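Supplied in structure tokens, the structure appears directly below.
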Amino acid sequence: MVASSFAVLRASRLCQWGWKSWTQLSGPPPLSTGGRTTFARTNATLSLEPGSRSCWDEPLSITVRGLAPEQPVTLRAALRDEKGALFRAHARYRADAGGELDLARAPALGGSFTGLEPMGLIWAMEPERPLWRLVKRDVQKPYVVELEVLDGHEPDGGQRLAQAVHERHFMAPGVRRVPVRDGRVRATLFLPPEPGPFPEIIDLFGVGGGLLEYRASLLAGKGFAVMALAYYNYDDLPKTMETMRIEYFEEAVNYLRGHPEVKGPGIGLLGISKGGELGLAMASFLKGITAAVVINGSVAAVGNTVCYKDETIPPVSLLRDKVKMTKDGLLDVVEALQSPLVDKKSFIPVERSDTTFLFLVGQDDHNWKSEFYAREASKRLQAHGKEKPQIICYPEAGHYIEPPYFPLCSAGMHLLVGANITFGGEPKPHSVAQLDAWQQLQTFFHKQLSGKS
């Protein structure tokens, strides 16, 4: 299907490159000028499948037809986030002998990426504003992606041959979004479109607080009831996280277990970064946590005290002399936390847990030593006769392992540090990690919460 919505294009505020018709640009065949072949306008069309909309974690089929045989072209893609920040990518290609370009078969010859990367125009996007992370704030509205085909291999100089817009949604058709204000609990519950009951998951993000819903909303389209849970800096919750009381998270667990559309009896936890650390603490202190996925989490309390009833876990010490400066002027804090093997009181008591764990680890995580933490958690669990957790490590993947096709955020502001730090990762291997991790965590939760293989 050829995407063709000028109304959406105008609304996206992305169209900065003119308004000539892109659906069918006609002209003479290639001309020979002094031994150099040039390509004039063609009847090029840019086709996307699915056509005008898809979910963010779905792959796109991108095809250009009506080009001249072996015509060199540049494809570029752009989107704006809710704050107006521009993200874009481009790649150079060559049409086949029939004048067709299929990104599933044609390798990129250069640009933001190279090689056979059908989704490279999405995952390789970079922010125009330095150190800016793509974060979806409103899952009820899509990202609008503009794609263009330009003649030649100059990303800003070639004549536009075709253009399309495509909506990337974060809620599959029929997914239900239910705001939750129950006691102290502040959250949003996402339910699949079909009748329940459903296996249930609590989803936790990291430092920065607020309520991020995009991972929960996408997972609800996979058959899970997912509660995106805020725990600070949101609504009437505490503005800081000096003390994390697990009783708050216990309230959230009890709310979800009592919901009429959840299957029970056990709950799944999904947490990244600080959310992974809190997931480990919840699994250690609370009953009914059947399965937990920890994405680049810490096995020690970091930056704040963790409390449950009369127990207190102090944060690990900071080693300020271990902070380094990169050649790009960023702080590297990967060595800046004392080992929980030294600060033993800061080690979260995972040995108390009866939870089945999956650790997803970026081996180039520079936020902290995620692989070390996962392996130390595994050692402690096994030393106490508990089930050996699964650990999946991703070479050259950084800290923020997101749902598929999110661009890598390799550096940015760390609110606890108060400065820009490196988060690690390389774009291509990080994108591979995100795609695999997304499938791994779904398979894990389906098996542990529903008994599906």
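Cβ atoms here come from the backbone N, Cα and C positions, even for glycine.
Copied straight from Swiss-Prot:
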- Ser273: active site, charge relay system (ACT_SITE)
- Asp365: active site, charge relay system (ACT_SITE)
- His399: active site, charge relay system (ACT_SITE)
- Lys83: N6-acetyllysine (MOD_RES)
- Lys447: N6-succinyllysine (MOD_RES)
- 1-42: transit peptide (TRANSIT)
Just to verify a number: CA distance, Lys447 (N6-succinyllysine) to Ser273 (active site, charge relay system), in angstrom, no decimals.
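That comes out at 24 Å between the alpha carbons.
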Sorry to bug you, but what's the C-alpha spacing from Asp365 (active site, charge relay system) to His399 (active site, charge relay system), rounded to the closest Å?
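Computed Cα spacing between His399 (active site, charge relay system) and Asp365 (active site, charge relay system) is 5 Å.
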Rank the recorded positions Lys83, His399, Lys447 by how many other Cβ atoms lie within 10 Å of each Cβ and give me the one with the fewest.
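Looking at the recorded positions Lys83, His399, Lys447, the Cβ with the fewest others within 10 Å is that of Lys83.
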From the Cα of Ser273 (active site, charge relay system) across to the Cα of Asp365 (active site, charge relay system), what is the distance in angstrom?
10
Give the helix, strand or coil assignment DSSP yields for Lys447 (N6-succinyllysine).
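SS state of Lys447 (N6-succinyllysine) = helix.
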How many other Cβ atoms sit within 10 Å of the Cβ of Ser273 (active site, charge relay system)?
26
Other than its own, how many Cβ atoms are within 10 Å of the Cβ belonging to Asp365 (active site, charge relay system)?
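Asp365 (active site, charge relay system) is surrounded by 25 other Cβ atoms within 10 Å.
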